[in-house]
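As recorded in TrEMBL, the features of this protein are as follows:
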COMPBIAS  44-58  compositional bias 'Polar residues'
REGION    32-73  region 'Disordered'
TRANSMEM  95-112  transmembrane segment
TRANSMEM  138-160  transmembrane segment
TRANSMEM  245-267  transmembrane segment
TRANSMEM  287-305  transmembrane segment
TRANSMEM  364-386  transmembrane segment
TRANSMEM  392-411  transmembrane segment
TRANSMEM  418-436  transmembrane segment
Amino acid sequence: MEETGALIRKRRATISTGKCVTLKQVNGRSAVNESINGHGDSGNIVTKRNVSDLPSTTSKERKKGRNVPSDRQSCHRLQESLLSSASGYRNYRGVLNWCVVMLVLSNARLFLENLLKYGILVDPIQVVSLFIKDPYNMPAACLVIVGGASALGVYTVLFLKLYSYKDVNKWCREMSHAKARSLARSLSCSSIPRSKGSGVDYQVSYPGNLTLRDLYYFVFAPTLCYELNFPRSPRIRMSFLLRRLFEMLFFTQLLVALTQQWMIPIIQSSMKPLEDMDLPMMMERLLRLAVPNHLLWLIFFYWFFHSSLNFIAELLQFGDREFYRDWWNSETITYFWQNWNIPVHKWCLRHFYKPLLKSGVSKWLGQSAVFLASAFFHEYLVSVPLKMLRPWAFMGMMAQLPLAWFVARFLRGNYGNAAVWISLIIGQPIAVLMYVHDYYVLHYREGSAGGGPE
């Protein structure tokens with residue numbers, strides 16, 4: 001009886017003090033009295049269960065008498081929402097897939113609308129015939145621009161290559177003969193024949209590189225910067241070569257087809273708004289032109305920097321295949337221009353920017369000079385084929401300077417990357433419409449005005 005009375009008093013004391021859990025010995029095994037609401041009220045419900053069913057508690061918590069909730073009692077914890085920046089969540093793969101699906105559906109709708117409105121306009125034979133009969137009529141004018149720009153591009157590339165060839169040989173000539181022999185760069189031509197099976201690469205030194213074979217190799221190599229010895233791949237991979245060749249042929253046809261079917265109708269329909277200076281309609285035409293223009297630019301980038309340059313490099317066993325870096329992740333305008341065209345970037349850095357720094361020019365002034373030279377070549381490659389001098393490409397390139405400062409100063413991360421993409425998607429169509437408008441006015445309005453009196 002005394003033991004039973006002590007047990008009852010202990011139980012009442014537990015309820016009155018509001019403790020959540022007490023242990024006692026019942027029939028030789030441990031049991032628990034658990035208070036559901038833990039307030040010590042007379043309405044408390046008391047249940048019994050084995051200790052093994054309870055969550056583990058530390059000895060400090062038991063000593064301090066803390067309330068340790070069970071799994072049934074607690075289902076919340078301190079945490080942020082996934083879309084909050086403080087949550088640290090970064091897995092947006094599903095959102096990226098959704099964006100791709102929406103982009104495909106949107107472009108499919110635009111392309112279907114184009115087909116329903118204009119029909120099938122793709123006809124390579126018609127383009128060739130128009131080009132032969134009337135090279136200044138649309139769409140043959142596009143071929144004039146492309147053909148002229150390609151020819152000028154070849155001359156420009158040859159000029160940059162020969163300039164680099166002259167600079168490197170001048171540096172070698174200024175060095176001592178011993179230092180010239182220590183130039184450890186990859187193999188462009190062998191002045192000493194290789195020993196078969198030896199695995200030893202013999203390096204060319206100045207003036208052993210001054211041969212026609214070495215010069216012709218550099219002229220056709222997919223680089224603008226000359227070296228006495230280029231990295232060479234061990235063999236030509238035929239499967240890789242054929243894949244690149246197929247891509248070149250396929251994307252060439254795709255570029256011509258999309259230009260005929262998508263770009264030219266939009267450009268032709270933009271003439272009247274541009275002539276009337278109808279700003280709302282001009283904005284509408286600009287946005288309509290942005291999607292196909294950007295798609296063509298992306299296809300051209302892959303066709304040239306990946307398919308074509310890799311094809312040439314594989315054919316010549318040229319080992320350095322870094323023709324571009326991850327420009328699509330650019331968070332600043334400067335990073336984009338440094339990584340989307342590596343051959344030109346290396347040439348500007350090696351033969352233009354660094355010599356300016358060595359002459360005492362500041363970094364900011366040197367970067368501005370590089371942009372100025374790039375703006376000149378952009379304008380040169382567009383204005384000469386069109387046979388008209390306009391400042392649009394030059395101004396577009398020089399506008400990159402304040403834009404680069406603004407993005408680097410106020411935008412970072414995803415915001416900076418979005419600003420880079422917007423400048424690419426919107427900036428190019430503006431220049432295209434400006435040149436098309438001026439070309440139209442120069443060749444059509446003046447021609448119609450001159451023929452009016454007759």
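Every residue, even glycine, has its Cβ placed from backbone N, Cα and C.
Just so you know, TrEMBL annotations never went through curation; they're auto-generated.
Pairs of Cβ atoms less than 8 Å apart link the transmembrane segment (95-112) most often to 287-305, out of 245-267, 287-305, 364-386, 392-411, 418-436.
Residues 267, 270-271, 274, 282, 285-286, 289-290, 293-294, 297, 330-333, 336, 382, 386, 390, 392-393, 396, 403, 407, 411 of the same chain lie 6 or more positions beyond the ends of the transmembrane segment (418-436) yet place their CB under 8 Å from a CB of it. Contact counts against the transmembrane segment (287-305), taken as Cβ pairs under 8 Å, peak for 245-267 among the stretches 245-267, 364-386, 392-411. Residues of the same chain lying 6 or more positions beyond the ends of the transmembrane segment (245-267) and with a Cβ under 8 Å from any Cβ of it are 111, 114-115, 117-118, 120-124, 127, 138-139, 142, 285, 288-289, 292-293, 295-296, 299-300, 302-303, 306-308, 311, 432-433, 436.
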